[in-house]
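Trainee: My structure is below; once you've seen it, I'll send some questions.
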Amino acid sequence: MEGVEDDLSKLLEELSSGVVLNNIQEKLNQSSPKLQSFIDDETGSNAEDVRRVLDAATDTESNYGGGANSITNTPNFNSHRGHQHLQLHTELSLDALRPVSENSPLHKSATRPISTSIRLPRLSVCEDDSSSSSSSSDGDSNSSSDSSDNSSEQSDDDDVHLHLHLHRHHRKVKEDEGDSFESSSESSEQYGSPSTLRRQEALKLEKIMQIQEKKKLLKEKLKEQDELELKEKQELNEITVQKEIKLKDKSNSVQNDIVDSDNNNNNNNNNSITIEEQQQEKQQQQQQHHHHHSTPNKPPKSRSVSISTPDSNIVVAGGNVISKERKRSILASFEEGSPMRSSSRLPSSRGGSIKIKVSKVLEEEMQLQQEFEKQEQLRHSARLSQLIRDLNMSSNLQDQQDQQLRKNENSNNNEGDDNNENVSNDNSSDNENQNINGSILIKEEQQEKIEITTTITTVITPPPPAQEPQHQQQPKILTPEEVEEERIRVLRIERMKDQVFSQLDELEDPLYSNGSRQRNGGGGGASTSAEPSMMQIPLTRLEDTASSSSSPTLQATKTTTTTTTTTTTTTTATLPINNKNLNIQGRPRKDSISDHWDIGRKEQPRRSMTLNIQRVGEDFSVKKAEAKKVNPDLEKILVHISLVDQSHKVICITEDFTVKDVIDLFSEKLGLVQTEFFSLAEVTSDGYDRWLDPNRAVKEAGIKNLSKLTFKIKYFKQPKKLSDSKAVHLYYLQIQQSVVNGTYPCSEAMSYRLSALQFYITFGAFDKDKHIAGFLDHGSLSEFIPSNFFFELTDEVIQKRLFHLHSQIKCSSSIEAKLRYLDLANKIPTFGVTSFQVFDGIRESSIVRQKRHLCVAEDGILISRKDRAGYDFFSYKEIISYQVTTRGLKIQIPHSSITPNTSETMSFDTSSYDQSNNIIDLMMGYKYFIQHDEFIRGIGAPVEQVDLNISLLLPLFQPPKIRTKSDPLRSRLELFKLNYLGLCQNFHTKPISKLIDQIDYILDKEGSFRNRLAFEKVELPSLNLRGSDLSFIADALKDTLNLIIEEGESIVENLNILSLDLSNNPLLATDAFEPLKIIMTCNTIIHLNLKNIGLSNKGVMPLVTIIEKYPNIETLQIGKNRVNESGVRVILRAIKNFNVKIETLGFEETNLTDSGCLIIDKLLSNNKTIKNLNISKNLITEEGFHHIFEGIKRNSLSLQDLNISGNKINSKLMIKFIKWLASSETSIITLNIAKTGLESSFGAELQKFLVGNSCHIKSLDTSYNDLGTSGTKNVIKGIINNQTITELSLCANKISSSGCNDLCQSLELASATCSKLYLRHCGLGSSSLVRIANMLELNKTITTLDLSMNEFSKSSSSAIGTMLEKNETLQEFYLADSSLGAREVESILNGLKNNSTIKKIFLDTNPIGKKGISSLANMLNTNTGLEVITLRHTNLNGKDILELLKQLSTNIPIKIINLTENTLDKITPQIKNAINDQIKRLHTINIQY
């Protein structure tokens, strides 16, 4: 028993592995059951050989009870006749004889064997035309001779008792002899050459008429034999009843769980085909004992296998027996190379049998069919053998226990010894082996399911002592505790078996595994035993035929019943049509879309807020309906049904199907339960749907063989309850396709958010390493983004935005993402409409017709406008009438509802009459829904004369939602973007990507619409823009801002441009009016930066006009332009006279002279709002600064930032200015007096100002003056005692070691406030640099340090490296032009490895060279905080750069590496390509070289 548990545990482990999963999970789509598959599975051989034996034994009865229908060899299953027979023929597929479409599943390119795709008329193999005519008569004569031979060999085998009963339903004969002949002729004409097949039919009919008399004689003989056998059985029943009365009192417990095939035979009195291998009297006695559930002490062991029908039980073929020699010859023919395996059988869909030459069947198809059959048989044999082995292990153990119990009880039961002694003596040689009495019931029901019932009765008697092996121990008497322990162990093994088969179910088909697992627990099959030892083993999916769909199932129930003298094991199996465990040929296909549908089994259920979609518990609560089955007697029709995403299935139907039956069958294939929301449509030639009436028959609806249909929603309304996960998925699919193809036009922001959800559903959660630009190609990207949003943008730009939104999605499962998708899409104004392209009935010209879109919705119709985007909506209450015309349709509306794009009577031309009817049909259907809703609310009359199909749908939907005219994510900013991209596309101009990025950042920022974020800054500096590039921006702004919002519409106002930065674009001077045109268009701009745009005196006047027209400008930067003094004076004069809100003026490098300073003096005096004044790097002398000084005195309270650097002002006037600052109350906090000719004496006055109480300076720049060491030391002393300065620049002023020490001491104090320190080119020695490094180890305030252009030594570099390991505040570090070689840099980089606070480091103009590459790469791969590093002019060539990039890892945090200005003149194309490849590899880093 422990070995069984170990084997089952190993089997469970193997089933959980990926290898087993890949081997088992193959989906076979098969069309009909085959007797061949069962025989192959049970015997491990080919069913073709068995059919030859059956033909030989039973061909004489082939048409027994057939009546007139025997002329076509069609069995007549007439219940009034006592006999029936199913003749088995060797058949080949006819698919090879007819050309098929390349898209058809029957095409030879498909991997599925063609012969299994449809059930076709039977084909008998013949060698040539001459022999085909005589094969029928030969076959009949041969079968008769074989039958007689089998009769003579009846006694050759006494061990096996084989009953073959072919189950078939009663079918009334619908065709007379003539009809059957016509059916056979039609089959011949359809599938073969007409002349040849008619000749064969004539010969065939002639032969059939000649043997009719023979068959009648055989029928009479069989009838007599059946009556004799029935009489004998009735006598035996009487004897058995008497025996039962005697044995019933002595039996301790009697079980009622045995399936008695003979009892069924006696009750039904039906036909059967029995081939007996043992004497009939012994077999009947054995069955009588089974019937009364008791057996004598020493019964014989027997094995019987019977194939019977519920309404036939008469022995056919005179009780013929297959001899051992005959069986050996049959088994020998089952070898792999046997020629009998060259064909396969398909159930006939017509009555007749058609004979064709084998040579006419395509060899390619036959080879493919044979190869697939062998592979399937090997796979099935390996799987089934393991299951049977485990089943037998448990059965043998239980039988041994029962044998011991029965042996102990036999001593008390002596009355039955006499009755069974003879039988026991006859079979004493078989006592050591277990004989099986099985009856295999094969039954073809209306669901076309084959039910196989195997009753295994094992009767074990204690062997005589002389025959007991020496090594066998004496049976031990088990105590009740031991019996209970063994029972518990058996139950544990049974549960493990259930887990094994449940795992097999899930591996075979995940769609049915859940339902199968639930139903397996409830029992089923033929056994009704209540014993605890009963176990149910689902060999395949167990399907409840009463309430669920007739999916392929194979059910086995093993019941073990222990009595005083008998052990009976009953196994009932239900063989399905499409059982994957059986050797049935099928098409190995790719996984369909339904295999990947997420049914949303999550702990936290989600409920859609709009479509009332909900889950119950862990799953959707649904019930499956039963689908109609294919009628094998009717012509088969293949139907190609696709979903809206172009995934499809091919199903087989018959002519008796209605459209509703087709929907149910297709839904069963998909696992769909709530079918009431979906309909079938046929796509017409004009691209629109022709909806099929579900109550019509398929031929009336126009469904033909290989018709292509679409399965989708017709009436798109909000369902009251949608509880089927597959229905949710189909809703999602149709909406998603409508969004992508533009049927539901929506805003770009809405579209991208829906696309991000779709991407999440398709590819899962965001992965920053996987989901990057380039993940999707253009074709795949078009399946997510509507085509009208591509414009001239690259795929990388679109994917970058898509992945950004994808990263914001927080969903627990894909089903939740689908529900969010439906909720968001429900806000689209055109949600749920069916769109039709029509044309205006009134043409504007004889050639051009105006295209319009007419959309039918649940509450009215929408008609697209002529002059602009959008729709005019008319509710059904507004519409007076609508009708179909010869050219299309006509719609009449009241005069009050007329819009500029519509008229009182609107005529539209359609592409076809069917399209017009389709539109009217949808409108009428939606009106019925509205009338029903009004009637329910009590405000309308009941609906009269409503279509039956619509009446069934009325209670399923909610009332129409309130229609909105606008998308909630439609915004002014998006409209500006679309207008700009449209202009660029029309004029074939590349859009400015930086502008698009800035717009998308606002649109896609999380919570942007909820928080009402606005687009306020247009920052386009340093892009080498031209005037024409800006003209599109100006035009788009004009169109956007001038858009008038109609009544009932809404738009998010998120476009409010306040700042325009066009600096450092010198090419704009070619057309200076264009940048100014933007300002004139958008009157909200108050901050204007036009620095270095090439503005000359010609462009001054438009700027002056803007200043005069828009007096609210607060910031004006026009520095570094080619405006001379006259132009500056004109601008300043305009500001002085018209602007009263100016705060910032920038006139650096504008050639401003002393005369211009007079205007600045007046401007400062009159305008009290100026806070920032920059007049640096001009031609101002002492006289000009004197005017400015006077103006500052009058505006001392408002001016905060003064930059007069780069002007030749002598030291005396500056000392006077500093003294005034020290003695006056001013607001100046930023003072830049760099490069103004200051001398060392200025240092003392500056020290006094810095230590005074009136000093509020926060930023002081005295760079590039001639202060000397003494003047600089005085400035440092003033800074030491100052508590306000946070930014200090002493660049290009010599600092002594003592001054440096004093500065470091003040910065080491806890009260230090300086955060930015610039000591560039200050002549610092090695000791001073070491001192600064030691200071930085203690300082907690400095974030920016510039030590560039100071010569570093090894010791100072090592000190800097040590400092970097300890410092935790420094963020920007400048070490440019510091004579740092490879060794010095290595010391600094070693300290930088473990520093996580520095974000930027500048190592430009240092001779690092090739030797420093490894240390650089090592630092970059190790550091976790560095974002920017500059290595300009560092003696690196192309090979060095390539080597550096190769050593870099892809997951480093750095963002920018600047390698420009290195010697790359002699770089080869190979190295350049290699560098580009590395840059692609390091795509997350902006590498500049």
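Positions of Cβ are set from backbone N, Cα and C atoms, glycine also.
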Trainee: Of 459-479, 900-920, 1257-1277, 1404-1424, which span is tagged region 'Disordered' by Swiss-Prot?
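Mentor: Of 459-479, 900-920, 1257-1277, 1404-1424, Swiss-Prot gives region 'Disordered' for 459-479.
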Trainee: Which is it, of 20-47, 328-355, 356-383, 1168-1195, that Swiss-Prot names as coiled coil?
Mentor: 356-383
Trainee: Excluding the flanking five residues on each side, which residues at least 6 beyond the ends of the repeat 'LRR 12' (1428-1450) place their CB within less than 8 Å of a CB in that stretch?
Mentor: 1376, 1399-1410, 1412-1414, 1416-1418, 1420-1421, 1456-1464, 1466-1468, 1471-1472, 1474-1475, 1478-1479, 1481-1482, 1484-1485, 1487, 1489
Trainee: I'm checking region-level scores; what's the whole-number mean pLDDT for the repeat 'LRR 13' (1451-1474)?
Mentor: 89
Trainee: Could you tell me what the rest of the chain brings near the repeat 'LRR 8' (1282-1306), counting residues at least six beyond its ends with Cβ under 8 Å?
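Mentor: For the repeat 'LRR 8' (1282-1306), the nonlocal Cβ contacts are 1234, 1250-1251, 1255-1265, 1267-1269, 1271-1273, 1275-1276, 1312-1325, 1327-1328, 1331-1332, 1334-1335, 1346.
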Trainee: With Cβ-Cβ distances below 8 Å as the criterion, list the same-chain residues six or more beyond the ends of the repeat 'LRR 5' (1167-1191) that contact it, or say none.
Mentor: 1119, 1135-1136, 1139-1158, 1160-1161, 1197-1210, 1213, 1217, 1220, 1232
Trainee: Report the DSSP secondary-structure composition of the repeat 'LRR 2' (1053-1075) as helix, strand and coil residue counts.
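Mentor: Summed by class, the stretch gives 9 helix, 7 strand, 7 coil.
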